[in-house]
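Okay, structure first, notes after.
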Amino acid sequence: MSIVLGIESSCDETAAALVTDGRVILAQRIASQDEAHRPYGGVVPEIAARAHAERIAPLIEATLADAGMTLDQVDAIAATAGPGLIGGVMVGLVTAKALAMATDKPLIAVNHLEGHALSPRLADASLEYPYLLLLVSGGHCQILLVEGVGRFRRIGTTIDDALGEAFDKSAKVLGLGYPGGPALERLALQGDARKVPLPRPLKGSEEPHFSFAGLKSAVLRAKQSGEYADADIAASFQQAAIDCLIDRTRRALAKAGPVNALVVAGGVAANKAIRGALETLAEAHSLPFIAPPLALCTDNAAMIAWAGVERFERGQSDPLDVAARPRWPLDPEAETVRGAGVKA
Ligand code: KG4
Ligand code: ZN
């Protein structure tokens, strides 16, 4: 049996986990920084980096203690090496390097996106490559064909905002606080999705890309008009987002060729209405629909440890001078998509 220690620090979650090649999560801890960033309505990189630096060593100690283990019993040390807020990434990666050096264990530099992309295989042993992955979170919004470890084809991406970002910004417009995705979903339950006419950007277009900036602006205009109830705006926004997501994913399924499953990962996968719509789409294509448990969907270290396991099993590791990377696309061949700030 091999055991990998995983470390995650690329955004506002400091996390550590111990995962076996038998898909057992022996222990995992997550320290969220929501409170520290809430006054600013978004993640402040400098505050995040400092918080990671304060918490990471005790967090790793506590995770080892939870599993009743010492570092000697760990076979490899995996850490997120990007993409993400560089100050935080450096804290986690340098910690992993120090532990690898002190214990003479292999270091595995994990792409955070690969962590998300492979996490469904930690949850579900039956999931075989290739599968179509919808990766939707606050920072990511992509459709990927996952062909194997380190083998990804990006089928679609956002040309402006990520889906979680659109949820968060719309929630802010509605005064729901930060991070607003879950609160917006709750409010939408009380609203009528037919009440507010909102656009479906890029729906029906040939390439399965996304755009949410126009939708977000339309939410702002609807709120400012004073004509609609907040719950109706929330419900209408969520329905518009789902319509775009389903249309784009259907297009991506047609482009990707044969796959074994439709998989969703990333924080937005916590949204029940989105899960339900994707499940229906998968059924229509006679594909299994796989959504990892919520704790694996949002940022966590078990997914980093698992990506480490998959790489370790294939004999892969990285040198101690491996760099932290603020940008690190999973599919370097993918074309840059026309549009404003294209996300990693
Ligand atoms: O994966 P994650 O924890 O962090 C990254 O962004 O990488 O995802 C967090 C994002 C936030 O934008 C949050 O608002 C969104 O996922 N989110 C949701 C829901 N739960 C979390 N969006 C819509 N509905 C939800 N229930
Ligand atoms: Zn993430």
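Glycine is treated like the rest: Cβ placed from N, Cα and C.
The Fe cation binding site annotation in TrEMBL covers His112, His116, Asp299. All protein chains included, His116 (Fe cation binding site) registers 30 other Cβ atoms within 10 Å of its own Cβ. The secondary structure of His116 (Fe cation binding site), as reduced to three states from DSSP, is helical.
In the shown protein chains, 21 other C-beta atoms lie within 10 A of the C-beta of Gly139 (substrate binding site). What TrEMBL lists as substrate binding site is Leu135, Val136, Ser137, Gly138, Gly139, Asp168, Gly181, Glu185, Asn271.
Per TrEMBL, the feature domain 'Gcp-like' maps to 25-306.
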Three-state secondary structure, Gly181 (substrate binding site) (per DSSP): helix
Residue among binding-site residues His112, His116, Asp299 with Cα closest to the Cα of Gly181 (substrate binding site): Asp299
Mean of pLDDT values spanning the domain 'Gcp-like' (25-306): 95
Binding-site residues near ligand 2 among Leu135, Gly181, Asn271, Asp299 (Cβ under 6 Å): Asp299
